[in-house]
């Protein structure tokens with residue numbers, strides 16, 4: 001939906017600075033409650049996964065809502081921070097501070113969500129233990145490509161487009177735009193680079209045959225030992241693992 005809205009907005013703007021489209025602000029107002037709900041939904045998924053009867057990780061799980069929340073925030077800090085910034089910073093900047101300028105750039109940023117379906121499908125395949133399938137490998141390659149194009153190359157492309165609009169060489173654009181534009185782009189791009197590095201590591205394991213799906217299943221003793229050590233915790237709700245061995249080849253733009 002975000003990508004469709006972004007395409008409509010970007011394709012309707014001939015002047016990338018002055019042209020406006022009503023869908024820009026309307027979609028932002030629609031998306032803000034989603035980010036708030038998504039934080040809640042990710043936590044509830046994490047909490048109920050800990051409570052599943054017979055779950056192999058139950059003995060290592062926090063037993064109270066407060067401790068579970070603390071554990072969730074530690075594991076999902078970057079994704080939660082991303083959502084909070086989207087609501088508290090990007091929302092007022094996009095709706096009020098822009099004063100109706102730059103709808104084209106807003107539309108292009110919406111189109112970054114083109115990478116999300118492959119990220120979600122990768123998480124689903126892992127949940128159903130389908131890491132060995134051809135679909136998982138094809139989706140992994142698609143995720144790597146779409147994430148790189150839609151989220152990593154996104155910001156250089158925006159600088160390139162503005163350079164053409166203002167007749168400025170590409171390498172001079174950062175020196176020509178206001179400092180807060182550079183700061184905002186850097187802060188938004190940083191987590192994308194981090195998540196892309198996780199995806200690259202996961203893709204390397206997947207295509208070199210060293211993924212966890214090819215390893216023999218752990219013995220009961222090994223599982224219990226992991227529980228005793230307190231290291232057996234659920235995978236992050238968004239599919240990004242902070243551990244290199246648990247990465248799911250994947251999302252809170």
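Even glycines carry a Cβ here, placed using N, Cα and C.
Just so you know, TrEMBL annotations never went through curation; they're auto-generated.
Database features (TrEMBL):
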{"type": "COMPBIAS", "residues": "244-253", "note": "compositional bias 'Basic and acidic residues'"}
{"type": "DOMAIN", "residues": "1-208", "note": "domain 'TLC'"}
{"type": "REGION", "residues": "211-253", "note": "region 'Disordered'"}
{"type": "TRANSMEM", "residues": "27-48", "note": "transmembrane segment"}
{"type": "TRANSMEM", "residues": "77-98", "note": "transmembrane segment"}
{"type": "TRANSMEM", "residues": "104-126", "note": "transmembrane segment"}
{"type": "TRANSMEM", "residues": "138-162", "note": "transmembrane segment"}
{"type": "TRANSMEM", "residues": "182-204", "note": "transmembrane segment"}
Fill in: Considering the transmembrane segment (77-98), which listed stretch of 27-48, 104-126, 138-162, 182-204 counts the most C-beta pairs under 8 Å
27-48
Worksheet item: So what's the mean pLDDT when you look at the domain 'TLC' (1-208)?
Response: 88
